[in-house]
Amino acid sequence: MDLDAITEYSALHAKPNGLVLQYGTAGFRTKAEHLDHVMFRMGLLAVLRSKQTKSTIGVMVTASHNPEEDNGVKLVDPLGEMLAPSWEEHATCLANAEEQDMPRVLMDISVKAAVNLQQDAFVVIGRDTRPSSEKLSQSVIDGVTVLEGQFHDYGLVTTPQLHYMVCCRNTSGRYGKATIEGYYEKLSRAFLELTNQAFCSGDDYRSLKVDCANGIGALKLREMEPYISQGLSVQLFNDGTKGKLNHLCGADFVKSHQKPPEGMEMKANERCCSFDGDADRIVYYYLDVDGHFHLIDGDKIATLISSFLKELLLEVPVYCTKTGVKHLHHKAQEFDIGVYFEANGHGTVLFSKAAETKIKQLAKESEDKKKEAAKMLENVIDLFNQAAGDAISDMLVIEAILTRKGLTVQQWDALYTDLPNRQLKVKVADRQVISTTGAERQVVTPLGLQEAINDLVKTYKLSRAFVRPSGTEDIVRVYAEADSQENADSLARAVSLAVFQLAGGVGEMPQPGF
């Protein structure tokens, strides 16, 4: 390791004084102008991780559903998973090291993680469409090259596509071809086989309106259109030709505000969906004949997929985890088949190697009925980008299931009825003052906050309320539900006020009512 060269290069990507960031579920995220040093250092870290695992590691430059002026970075582990927790700590230490200490911290990580510095390293890099992403991606490349790592820059890709590339490269192509075309071919083949001869008559059933959040999903879905056009016609809105990334559009906006994105033309009972900025989340929705908006979020996506799998299998147990994809992902890995989705539309289906092998065997050798079911499961396996939530693959799975089951969007929505709910955010000085237990359904600290929530919940019918700290920024997320939208809104505001008062709220104080 040439520490002199690293010091020289690092000076070109100097850390702003006093800036402290933490690597969370979504990696690092903040204003783009504060991230140059972080990108350089994550390039360094990716090389060390590659040497330690003797595998290709991914680096994705994106801030997902955040505003366009933000950016971020996250590393992708060998099988397309999120970065291991112990390396999240290394990432935080390295990003926050003062300039003069950075080479020493880098060496400390090498020693602690038992990195063989003579091992070859390979890193793949991708970025979203933010104006800042290309320059920041180059900073990652500078970090990789100064440690003499090899790299391949995939350029503009969705976050799930980079996860796919990493997994392909580390499985010698068994997972698929490590190209954009390979991704399109794998998913489209499984989608068309799963929907083969199952389409209902009429073009309306085969068409879908997609809000692409003015992000990378528009570019990639447009590229994919020829591959899936036999089975699905997609009409793209907020495709990046005008409008800002994630501004008044995208999955996070639709979920949070429970209304359609701007820029989308909707007719009664049309199926519509929204991606987020890096296309790893999806939510569906429609307008009924009276013009009322109906959201179909990650919970109903999970229900649809689980009900489909249950018809092919026997039992689908339900478990709760802390909020965050990494917690859901780890829990899902305990089962032969694990279905997980956050309400925000981020999720996937995981198949264990044993289950995958058994399904493929049954698809070849079984009697007709079992063979048909196994073949459907085999296509579901190929459709899901199993290492991470993927809006494109999730969309194709949903469309295939709706087609096979002959369900309209209204019938899907009617699988169960949500209680009216509201989600809010409260800015706080330090999100770490809030700690929780019981899969984040009970507050431990600050003292008195859970009691205040309990007292508020008692004043409304059919009500619940939860609060949790954000994993990436100093805000507290508030969720409330009740017997009416008015009461859900009122409860959410009341809980937000309690959080503000007891957990160090900053800025404008939440006001009761809407």
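Glycine residues also receive a Cβ, built from the backbone N, Cα and C atoms like all the rest.
In TrEMBL, the annotation coiled coil applies to 352-383, one of the ranges 256-287, 352-383, 416-447. By the count of Cβ pairs under 8 Å, the stretch nearest in packing to the domain 'Phosphoacetylglucosamine mutase AMG1' (181-283) among 51-97, 116-166, 314-406, 453-495 is 314-406. The full span of the recorded substrate binding residues, E342, A343, N344, R468, P469, S470, G471, T472, R477, taken as their largest Cα to Cα distance, is 18 Å. The DSSP breakdown of the domain 'Phosphoacetylglucosamine mutase AMG1' (181-283) into helical (H, G, I), extended (E, B) and coil residues amounts to 38 helix, 17 strand, 48 coil. For the binding-site residues shown (D276, D278, D280, E342), fewest C-beta neighbours within 10 angstroms: E342. Least packed by the Cβ count within 10 Å, out of the recorded positions S64, N344, is N344.
Counted over residue pairs 6 or more apart, the CB atoms of the domain 'Alpha-D-phosphohexomutase alpha/beta/alpha' (51-97) and the domain 'Alpha-D-phosphohexomutase C-terminal' (453-495) come under 8 Å in fewer than three pairs, which marks the two as apart.
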